[in-house]
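Undergrad: One structure is given below, represented as structure tokens, and several questions about it will come after.
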Amino acid sequence: MEKHFKRTLITTALPYANGPVHIGHLAGVYVPADIYARYLRLKGEEVLMIGGSDEHGVPITLRAKKEGITPQDVVDRYHGIIKKSFEEFGITFDIYSRTTSATHHQMASDFFRTLYDKGEFIEKTSEQYYDEEAKQFLADRYIMGTCPHCGNEKAYGDQCEACGTSLSPTDLIDPKSAISGSKPVMRETKHWYLPLDKWEPFLRKWILEDHKEWKPNVYGQCKSWLDMGLQPRAVSRDLDWGIPVPVEGAEGKVLYVWFDAPIGYISNTKELLPDSWETWWKDPETKMVHFIGKDNIVFHCIVFPSMLKAEGSYNLPENVPANEFLNLEGDKISTSRNWAVWLNEYLVDMPGKQDVLRYVLTANAPETKDNDFTWKDFQARNNNELVAILGNFVNRALVLTDKYFEGKVPVAGELTDYDRQTLKDFADVKENVERLLDTYHFRDAQKEAMNLARIGNKYLADMEPWKLAKTDMPRVATIMNIALQITANLAIAFEPFLPFSMEKLNKMLNVEPLGWNRLGATDLLEAGHQLGKAELLFEKIEDSVIEAQVQKLLDTKKANEEANYKAKPIRENIEFDDFMKLDIRVGTVLECVKVPKADKLLQFRIDDGLEKRTIVSGIAQHYKPEELVGKQVCFIANLAPRKLKGIVSEGMILSAENFDGKLAVITPEKEVKPGSEVK
């Protein structure tokens, strides 16, 4: 039986304040959450959308140590960047706060203390890695090593970013401290644990029986965790940055970030509504929906519900529509590798194009499987869909009305069967979009909204009012009235998806925003209503703009390759006498040309001090022939001649291969006589 609620509380995963927000965050969490919140508000429902920065945890302390500043300096900087970016991008939080706030510290401490006083924790001592040089325990990302699953040598103690596997520090092969680089030792330490196994029977019924409607990826991951059997999970860590564990004997220990962060949803609500926050968290007529990425499923479906159940007075989430991951140009997005499209940079590089990114991220939303963002697809969806379909229809409807009816909505006359079918087709859009949004299928909902523009384009193309204008203006009036009703419907249907563009469209239509209940109506614009000035809703994105973005990524990839470069192992030793057999000389390049039908080969004429010799070298992809004429190069002079592409090569030019595969010809520092020996 379908449940009915008085209000909806939307929570969004708290981004770590150790860097800006990127497109993976947007596609997985914030764009779908904002679409849902805007949709419910359009329906006139009571909604709260809660967000905030996660400002505790090891990634933040590591960045602070790397930059030589305090963790507070780090979170102050990035909280400001993140909050400003969200505002400019149109993410409509009712509050966007932070976990370093006084309200949150008190709320998290009180929550822990309530569970502690009720005897809901297990206190036990265990062995954990300890850095003797830095004199501290190594939690999570304070320890690095080789991933046992994929062999990545830079896996963290909580996760391997290369393969995405969740890890424990003891899983790592050849672990090292991320602080000192030293090999850690095992040392005993005391912590508090939440016994998840105690709540396993409840979770099995609540999820596996009562919430079979959850997305398959969410339901399936929860089932896997439950089938493996839940174990007690530590709620504290040996760190000096975070919320201190509020009990005696817990000096030097803070609340583990996974325990601390979700309480941020509660504390942020309390910060916004100090007198009525409990209505949103404890009234069973409130529906709570968590928007998260797949890496947070276990925390929001297993751990946080166990915490709430242990406390005893809170609602549990009604749905957790987690998304999979968005990749970038075929590679996993990574903050540490700077492999991302950062929102704050996008807003500078692409001014006024918030809706283009919202549209593309929704069209490529990783709702059921990992998906990929490419700049070429971004350009294609803008030019071929937003410009050519939606923008084209809106522009034609408004421009033709201005041309034939002085910008006033004309009176519709007698309808044809085709008119009636068109009206029926767009009247059905409301039910379709609504059904998809209610079930968190945002990608398909946006596609259905775009179908409305396709209906409009087809209608105008089939009716050809520009031809009828010469003979039948009453018929043109009917056609344009219907086209304008479709346009006004588009302003409603797309508002959750493209809010900036729909604000612009409402100005062009000269109307106030209409409610969701009016979607599908055929009388949104009255006859005689004066329209505003027609403008282009979207603009074409040129190749040069996309090429600049692709180049940024290529530069990042090159920087990563350089940072991760490892020289090849030294080959086995040879005898000194064997080396002395090589006759390495310096020669001057007299001529250099490309070898026909050979992409990699250059043919050299070289003065070796005794005669002129020919050498063929495979460096054509690294140098233009004219760049080498007149230069001096080192070459092996006594290599046996051999034929390459029919040319006898009398030696080998020496070059060094860089980390990126580029070759650099070896030359003497100062000019020497041709034929000089290299010793």
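Glycine is treated like the rest: Cβ placed from N, Cα and C.
OK, Swiss-Prot features for this one:
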type: MOTIF; residues: 15-25; note: motif ''HIGH' region'
type: BINDING; residues: C147, C150, C160, C163; note: Zn(2+) binding site
type: MOTIF; residues: 332-336; note: motif ''KMSKS' region'
type: BINDING; residues: T335; note: ATP binding site
type: DOMAIN; residues: 578-679; note: domain 'tRNA-binding'
Undergrad: For the recorded Zn(2+) site, whose residues are C147, C150, C160, C163, find every other residue on that chain with a C-beta no more than 8 angstroms from the centre of their C-beta atoms, and list them by sequence position.
TA: P148, H149, G151, N152, A155, E161, A162, G164, T165
Undergrad: When you measure from the Cβ of C147 (Zn(2+) binding site), which residues in the chain that are at least 6 apart have a Cβ under 8 Å away?
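TA: The answer is E153, A155, C160, A162, C163, T165, L167, L172, I173.
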Undergrad: In whole Å, how far does the CA atom of C150 (Zn(2+) binding site) lie from that of the residue listed as 'ATP binding site'?
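TA: C150 (Zn(2+) binding site) to the residue listed as 'ATP binding site', Cα-Cα distance: 19 Å.
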Undergrad: In the three-state scheme derived from DSSP, which category covers C163 (Zn(2+) binding site)?
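TA: For C163 (Zn(2+) binding site) - judged by DSSP and reduced to three states - the answer is coil.
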Undergrad: I'd like the number of other C-beta atoms within 10 A of the C-beta of T335 (ATP binding site), please.
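TA: The answer is 18.
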Undergrad: Taking helix as H, G and I and strand as E and B in DSSP, count the residues of the domain 'tRNA-binding' (578-679) in helix, strand and coil.
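TA: So the domain 'tRNA-binding' (578-679) is made up of 7 helix, 43 strand, 52 coil.
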Undergrad: Could you give the number of helix, strand and coil residues in the motif ''KMSKS' region' (332-336) as assigned by DSSP?
TA: 0 helix, 2 strand, 3 coil
Undergrad: Per 10 Å Cβ neighbour count, which of the binding-site residues C160, C163 ranks highest?
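TA: Top count of Cβ atoms within 10 Å goes to C160.
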